[in-house]
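Structure first, then comments.
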Amino acid sequence: MENGNSKRRRHDSQVDSHELSADEKLKVEKLFQKKFSYQNPGSWKLSREENHGDYSSDREVCVKDTSCDAVETLSFFSANATINKQEIENKTLVLNSCKVLERDIHFSGDDSLKFSVKPELIKMKDELNEVKNKLNDKDILTWHRHTSDVNIAGNIVNSIAQRFKPELCTQAWCKFYEIASSYKILDLSKPALLTIHLCEAPGAFVTSLNHYLHCQGYNGEWEWRASTLNPHYEGNHRGQMIDDDRFIKSTVDNWYFGKDNTGNLMTLQNLEGLIEIVQEIGFADLVTADGSIDCQDNPAEQENIVSQLHYCEVLTALHILSPGGTLVIKLFTMYEYQAISLMYILNCMFTKVEVFKPCTSKGGNSEVYVICLQLHGDHKSYLISQLTQLYFCGGSRPEIPVCPLPLEDLPDSFLEQHCECCQFFNTLQCQAINRNLELYQLGDDLKGEADKVEGDHKAQEEEEVTLNASKHYCLELFLEKYNLDTIADEDKIVQKSHNSVRRHWNQSTPSVSQSKGCHKESKGTFQMRVERSSLSWKQKVFLFTTYTDDILDKIRPYKSRKPPHRQDDVCCWTCATGFPVQEIHSSRFGDSQLITATQELFHNAQCLKQMTRKQEIRESEVQVLYQILSIMSENHPSASFNMKDNERELPIYLVYENTVPEVIQKVREVMEKKIYLLSVDDNCGSDVLPRPDLTVYFEDATNQSRQGLQTELQIQKNVLSILIHSLKNLQRKNSLIIKMSTCLTRISAGLIFLFSRCFAEIGFHPLIAIDHLEQYLVCWQYSRCPDHIIDHLVHVMQRLEDSDDSGMTILEVVPVVTILQDFHFTQFLTKVNNDFMKRYITEVVEKEKIFYQDNSDIQTADEYFE
């Protein structure tokens, strides 16, 4: 194996010949020195000894929980840690039933109750926001490209990816490798290690740690678990999560998405489930927490927005870490009440606490990593148990505590150090933003004036040369400091030899690749986004994208060419259960931006609200079904392929259930009796049907529902029932037409997946109407379905009908990973769903514009922004 030194020597020959000055080198070297260490934190405790009070763990702590109906104590805490209901009614923090805090617990919803904060911290926040305000008129995408271009550490990620080919190499991978190399976060002399990674998607901390352990020659047993918002749970908003699932679907057994399958870290039942897992496999040596919430629309209040998440991350870590363990958590600015209290708690719980900003973290953002080493053995105080009750409410509680520990009761020695820490990182961030602005302005000036003097162009060229040289120097320092090396493919978590999981490693799920696998992508300047959020619905209509050129008015076919799954495979299927999806916000089988637009139109479009569903069959529906049946007849091997020779078309035997659907009667009239109607009750099997290969069963699963994307959720049982009934009763070469809605959920996708394996060909044809989301699923020529598949579906139906008392239900018919491994099917279904939603969006937007066109007083969005 080529060693790292020879690789670096080869790289040296490519380094820009520009020689950095001592000052320029010092600037680069300081990127590796962004750290602040709290001194003597072991002397600080959760007590009020300096102020003649005590929070010590031998006393009972009670808090007011205003939004929970029931007051209960977590089962994993001491039975003595009970909540005094009478004191709770008084909204007080109580120690041994004695009020040592002469104030109420404060809640964010009441500004009048806020504690005072040290003036210097408020000043820092104002100074930083003042600098950030200079970015309000910058296009966010252009600005992100600029800051990437001028980032001195900007060459590190790509260079490491090309040279060492690590697994899932991202900026997060590099940041964690810096942390692991800079601190003793694990005792590598231990024969076994367990690490747990919170808010981990897409998984770069895990792969980075794996690479680090191999580079360090660790020979023990390493086990890991990870948790994140579930990218497969359709009720999660795309803007709240990283939805790149490439690594997740290859390592799904290591991921915990909670008892409710949402992956939401901030619910009590999901915390209890994680603790149960830890109690089985052992407490963790390391916990990482890399969570954040999209704050691009309100950057000034980032700290307050993410506060509850950070408390949940810390409290989770304190419940699952072993004594002596390490916590690595991402925080942002730390000026507010919540963050100050949180940092004090961490300093009381761990022997050493240091705040670190990796050089691969962009200097202009607020993120820092708090490295907490050597957890104390007596860390599970009653205060922590009660904070757990208070904060774990799913992220939806309207009121959360602003300051669990009053700042005036914290030691002065801590507050002084905390202010020093905040000032240190505040200065670095302001300097970084101002530098980026200066370089941005320099480029703008030269770009905007072609006749600039030669000296100005020379200044820019010199700046670029210095920047490139600084990037090369930074890369060399990184490689020298952290001693990276290549690891063997078999040492990677997703081994290349395992073709079943590596086959599409570079091909993310289609919906991910379209949405770039990340948080919500904002566009335009901050000012424009603020203005856009204040637009009326009438004005927003004109901002919708339409897709006239992308609409397809014919069946999109799909041939699986794969047999139904074997019994051994089906027996191994573990179908996820969890909280029922209330509203579809994301999908592995559809673009999330289209889903958002579809939902927004359905809930707001006035043209839809004024429509009433017609009882008579729409002419368009008759035309679509006529087209489907005609194609079946004309393209049959026994029929002529001459489309003009209608006399040579073969008749269709259409089987219905109970009563003849009105749409069938209409189609039969149009086709001039080329349809023969048969009832299921006629016991029509292959022995009585004249042509089984031209027999089509017709089913309507929609129940005339008109609920937008909600229709899919409402009719899932209907579609499953139809599938079970059809697979039991269809004869070979029979066909099936089902009127249904979208196929965005895992249940719907699983049903279509099974259909595709049991028929020669399937396809979808959309119905043309804006008051509903309906389409025909066409299944051509049934082949066979083994009994074990039908038995599995019957079991799924029973679980759907018998949801347990916890309100949980089954969320999959086929494990989603099994479906996603069939990339061609996933691509097909995603294309079907996207085309379907594009059609709906286009038609509703056009109708909505017509609805408003006669109102001359309406100002369009274009006019608004002029």
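Just so it is clear, glycine is given a Cβ too, placed from its N, Cα and C backbone atoms.
No curator has checked TrEMBL annotations; they are predicted automatically.
Taken from TrEMBL, the feature compositional bias 'Basic residues' covers 1-11. Marked as region 'Disordered' by TrEMBL: 1-21. According to TrEMBL, the feature compositional bias 'Basic and acidic residues' maps to 12-21. The domain 'Adrift-type SAM-dependent 2'-O-MTase' annotation in TrEMBL covers 167-377. Annotated S-adenosyl-L-methionine binding site per TrEMBL: Gly203, Trp222, Asp290, in sequence order. What TrEMBL records for Lys330 is active site, proton acceptor.
In sequence order, Leu168, Ala226, Phe247, Ile248, Thr251 are the residues near Gly203 (S-adenosyl-L-methionine binding site), counting only same-chain partners six or more apart with C-beta under 8 A.
In this structure, the C-alpha atom of Asp290 (S-adenosyl-L-methionine binding site) lies 5 angstrom from that of Lys330 (active site, proton acceptor). Taking only the Cα positions, the spacing between Trp222 (S-adenosyl-L-methionine binding site) and Lys330 (active site, proton acceptor) is 23 angstrom. Note on the domain 'Adrift-type SAM-dependent 2'-O-MTase' (167-377): its mean pLDDT in the predicted model is 94. Spanning the residues Gly203, Trp222, Asp290 that the record associates with binding S-adenosyl-L-methionine, the maximal Cα-Cα distance equals 20 Å.
All chains included, 17 other C-beta atoms sit within 10 angstroms of the C-beta of Trp222 (S-adenosyl-L-methionine binding site).
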